[in-house]
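These come from Swiss-Prot:
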- Asn9, Glu385: Mg(2+) binding site (BINDING)
- Lys16, His207, Ile208, Gly209, Asn210, Gly211, Asp282, Leu283, Arg284, Gly330, Ile331, Gly332, Glu333, Asn334: ATP binding site (BINDING)
- Arg90: substrate binding site (BINDING)
- Asp147: active site, proton donor/acceptor (ACT_SITE)
- His179: site 'Transition state stabilizer' (SITE)
- Arg240: site 'Transition state stabilizer' (SITE)
Amino acid sequence: MSKLILAINAGSSSLKFQLIRMPEEELVTKGLIERIGLKDSIFTIEVNGEKVKTVQDIKDHVEAVDIMLDAFKAHNIINDINDIDGTGHRVVHGGEKFPESVAITDEVEKEIEELSELAPLHNPANLMGIRAFRKLLPNIPHVAIFDTAFHQTMPEKAYLYSLPYHYYKDYGIRKYGFHGTSHKFVSQRAAEMLDKPVEDLRIISCHIGNGASIAAIDGGKSIDTSMGFTPLAGVTMGTRSGNIDPALIPFIMEKTGKTAEQVLEILNKESGLLGLSGTSSDLRDLSEEAESGKARSQMALDVFASKIHKYIGSYAARMHGVDVIVFTAGIGENSVEIRAKVLEGLEFMGVYWDPKKNENLLRGKEGFINYPHSPVKVVVIPTDEESMIARDVMTFGGLK
């Protein structure tokens, strides 16, 4: 029998939701509540393909969930709140405590709160959503799905930093990795498209959006990933620097008189494509500017692609080869130019890709861009983290 599952992504003043019919993975409705706790909160819900928007004051997440459930009934999406069978909550950081998704109990809630020091901007906000749903829908399973969980299969040699070992033991300082739900979804989907068990494949997954991370997935398990202790590490991103020499932080502080917090803010919000180009963090703007002859915008795009290119070579070495390269997320799914730059010169690894196929895969289209004879397959897959969340609610919420 079909189940109705809510996939939830709660921010400090927002709540993103999708109602999904399982196991069909059919989207019933989706929407967004913005400006929670502020004046003129905005509630948007999709009804029969049309967006319905209302503006009203919503004081907290409990009221936001209440309004959402009322809207479901008002638009005949459900007859009764008991029609909802389970909820799945995106939680950014599960640390080492949570190697997989978990049914939420009071104890789990407490542990997520304790992990907030590892994700101070996200975990407390994710908890607001969890608490609101547990309060208003107390009789159904609620499941936490962690961005970090998929990467908990990394071996020590991949996740340890070359620091005094007691820093890891005392403070949990290590690589955690993020975007795990997306990497897991696309690796499973790539295996389906190839009609091979994921256990038999070596996959390099490139989740490239405003935030970007690359993952080495060997036999269905993450064995390395580009993000680190925080999502600041790895490749160049929209506004994040990615990897830099750590000695630059005190150097910048000395030269500019800025505090460590201010430098960290610059690395997170003023660097990456924005910092390099000086104009925008949006790849579409930079592509237009580069076409019109802006050298700095072109340079920013070149740096961005070269960092991803380098990780592909590195992860192919880590897995002693590669069978599939996956592109996903906003840029990975839509930027013909970045895919081409990233794949350039990889023929020595057995990557032969078709420029025509590359040009045709845009706006949510899924498919292969390699030539049929290419030993390494290259595939574009629109990510669907919400379906992955719903699958985990079915599994870990005991609904199968």
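FYI, residue positions are counted from 1 along the chain as it appears here.
Including glycine, each Cβ sits where the backbone N, Cα and C put it.
Sequence features annotated in Swiss-Prot and their locations in the structure.
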{"residue": "Asn9", "record": "Mg(2+) binding site", "Cβ neighbours (10 Å)": "22"}
{"residue": "Arg90", "record": "substrate binding site", "Cβ neighbours (10 Å)": "21"}
{"residue": "Asp147", "record": "active site, proton donor/acceptor", "Cβ neighbours (10 Å)": "26"}
{"residue": "Ile208", "record": "ATP binding site", "Cβ neighbours (10 Å)": "27"}
{"residue": "Asn210", "record": "ATP binding site", "Cβ neighbours (10 Å)": "16"}
{"residue": "Asp282", "record": "ATP binding site", "Cβ neighbours (10 Å)": "16"}
{"residue": "Arg284", "record": "ATP binding site", "Cβ neighbours (10 Å)": "12"}
{"residue": "Ile331", "record": "ATP binding site", "Cβ neighbours (10 Å)": "25"}
{"residue": "Glu333", "record": "ATP binding site", "Cβ neighbours (10 Å)": "21"}
{"residue": "Glu385", "record": "Mg(2+) binding site", "Cβ neighbours (10 Å)": "24"}
Structural state of Glu385 (Mg(2+) binding site), classified by DSSP into three states: helix
Local Cβ density at Lys16 (ATP binding site) - other Cβ atoms counted within 10 Å: 17
Recorded sites listed as His179, Arg240, least Cβ neighbours within 10 Å: Arg240
Candidates His179, Asn210, Asp282, Glu333, namely the recorded positions, that fall within 10 Å of Asn9 (Mg(2+) binding site) by Cα distance: none
Coarse DSSP state, helix versus strand versus coil, of His179 (site 'Transition state stabilizer'): coil
Close recorded positions near Asn210 (ATP binding site), where close means Cα within 10 Å, chosen from Arg90, Asp147, Arg240: Arg240
Residues Lys16, His207, Ile208, Gly209, Asn210, Gly211, Asp282, Leu283, Arg284, Gly330, Ile331, Gly332, Glu333, Asn334 binding ATP per the record - widest CA separation, whole Å: 25
Local backbone state of Glu333 (ATP binding site), from DSSP in three classes: helix
From His179, Ile208, Arg284, the recorded positions whose CA lies within 10 Å of that of Asp147 (active site, proton donor/acceptor): His179
Distance from Glu385 (Mg(2+) binding site) back to Ile208 (ATP binding site), taken between C-alpha atoms, in Å: 14
Spatial neighbour of Arg284 (ATP binding site) that is closest, considering only the recorded positions Arg90, His179, Arg240, Glu385 and their CA atoms: Arg240
Inter-residue Cα distance where the pair is Glu333 (ATP binding site) and Glu385 (Mg(2+) binding site), in Å: 14
DSSP three-state assignment (helix, strand or coil) for Asp147 (active site, proton donor/acceptor): coil
Cα-Cα distance linking Asp282 (ATP binding site) and His179 (site 'Transition state stabilizer'), given in Å to the nearest integer: 20
Local backbone state of Asp282 (ATP binding site), from DSSP in three classes: coil
